[in-house]
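Each remark here refers to the structure printed beneath this line.
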Amino acid sequence: TSRSYPSSLKAKSFIRVSLGKQPPISQQSRRFLFSYKMGAMISRFWFMLFPAKEYKIVVVGLDNAGKTTTLYKLHLGEVVTTHPTVGSNVEELVYKNIRFEVWDLGGQERLRTSWATYYRGTHAVIAVIDSTDRARISIMKDELFRLLGHEDLQHSVILIFANKQDLKDAMTPAEITDCLSLHSIKNHDWHIQACCALTGDGLYDGLGWIAQRVTGKAPS
């Protein structure tokens, strides 16, 4: 016997099918469901009264640097199959009770001119570097200093992810620091973090640095 449900439930993709008479729910299960529903209601009510501040991060870098892999390793904890980003991907991350809205921007040459349209309200910039791409590191330097000069990023902190450190021909963070002239950056807090987006090594160290800078305290 099928049942019809209000359209509001259908809109949320709730699908329920009755397969005849169902076994009775135990008292323990009823108590669990009641506690779960009450907890969810209290949580929603709490966030309505005291909405958590959300910090915006934009993720930039050249194509094939590993930006999308980095985002979804942080978001899902796993490696996903990716394709060159056209436009942007956006996800919400919660790290030690700190909420981040993370925008992953396409890195192909024709898309870089649109990066600035995403800068307003940004608290932190993550620049993902392919540590094996020596031929284009100077291009990334130009892009980095262009964004550092944008008025919407004057108060943003800058994290450099030196990605693909698992590869033997990867430049070290010290080499990348020199190639990007990071020590010449005077008006922004910046940090370079060695990482491997495929394994996750170094990613949360970098996110922790951002969390501390944007909140003004160490994440708990």
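Every residue number used here counts from 1 along the chain in the order it is shown.
Just so it is clear, glycine is given a Cβ too, placed from its N, Cα and C backbone atoms.
GTP binds G61, L62, D63, N64, A65, G66, K67, T68, N163, K164, Q165, D166 as TrEMBL records it, and from the list G106, G107, G202, G206 the residue named for this site is G107.
For the binding-site residues T68, T85, the ranking by surrounding Cβ atoms (within 10 Å, all protein chains) places T68 first. Each of the binding-site residues G61, G107 was scored by the number of other CB atoms within 10 A of its CB, and the lowest score belongs to G107. In the structure shown, the C-beta of D63 has more C-beta neighbours within 10 angstroms than that of any other entry among the binding-site residues D63, D166. For A65 (GTP binding site), the same-chain residues lying six or more positions away in sequence with a CB closer than 8 A to its CB are G107, V128, I129, D130, D133, N163. Across the binding-site residues listed here (K67, K164), the residue whose Cβ sits among the most other Cβ atoms within 10 Å is K67.
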